[in-house]
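**Q** My questions will all concern the structure given below.
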């Protein structure tokens, strides 16, 4: 398996992990995701008042999710390049491919296929039925473009961490 195909496979696995963590977040802590919805849906959303316990649990779930996600991303670089002489560029490219794979899966599968095309009722926020934003492909594409920047920054940060660990501790 080539380095690129290995990174793509790891990116697919990381994408599945993201989805596995987003789905329970949507059903149990939807207020944490409202900011990702189109403007008309954000304004129309009628979510229940968040209790202190829900707020605490949502925060805890988010923290645990990010520890799992970013721990997995960091591990991908360390496991792949541990014991090898790797350049910073190689580590960065590997992590960047993983991150961008998630960004592409998010756009094509979650945003365009599920939200824009299929729009299942279980993913419609209360009060947002009929909002045109659910079918706004451009809105999601702009989110993808922003995601390219965020994912590049994420790959850069974790490549630096991995590279420092690889050069100094392993």
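A Cβ is built for glycine as well, from the same backbone N, Cα and C atoms used for every other residue.
Just so you know, TrEMBL annotations are computer predictions that nobody has curated.
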**Q** Pick from 38-59, 60-81: which stretch is listed in TrEMBL under transmembrane segment?
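**A** From TrEMBL, the annotated transmembrane segment range turns out to be 60-81.
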**Q** Could you pull out which residues elsewhere in the chain have a CB under 8 Å from any CB of the transmembrane segment (60-81), counting only those six or more residues past its ends?
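**A** Same-chain contacts beyond the ends: 6, 10, 14, 17-18, 21, 24-25, 28-29, 32, 90-91, 94-95, 98-99, 154, 158-159, 161-163, 165-166, 170.
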**Q** May I ask for the residues of the chain that lie six or more residues beyond the transmembrane segment (139-166) and have a Cβ under 8 Å from a Cβ within it?
**A** 36, 38, 70, 73-74, 77-78, 81-82, 86, 88, 91-92, 94-96, 98-100, 102-104, 106-107, 111-112, 115-116, 133
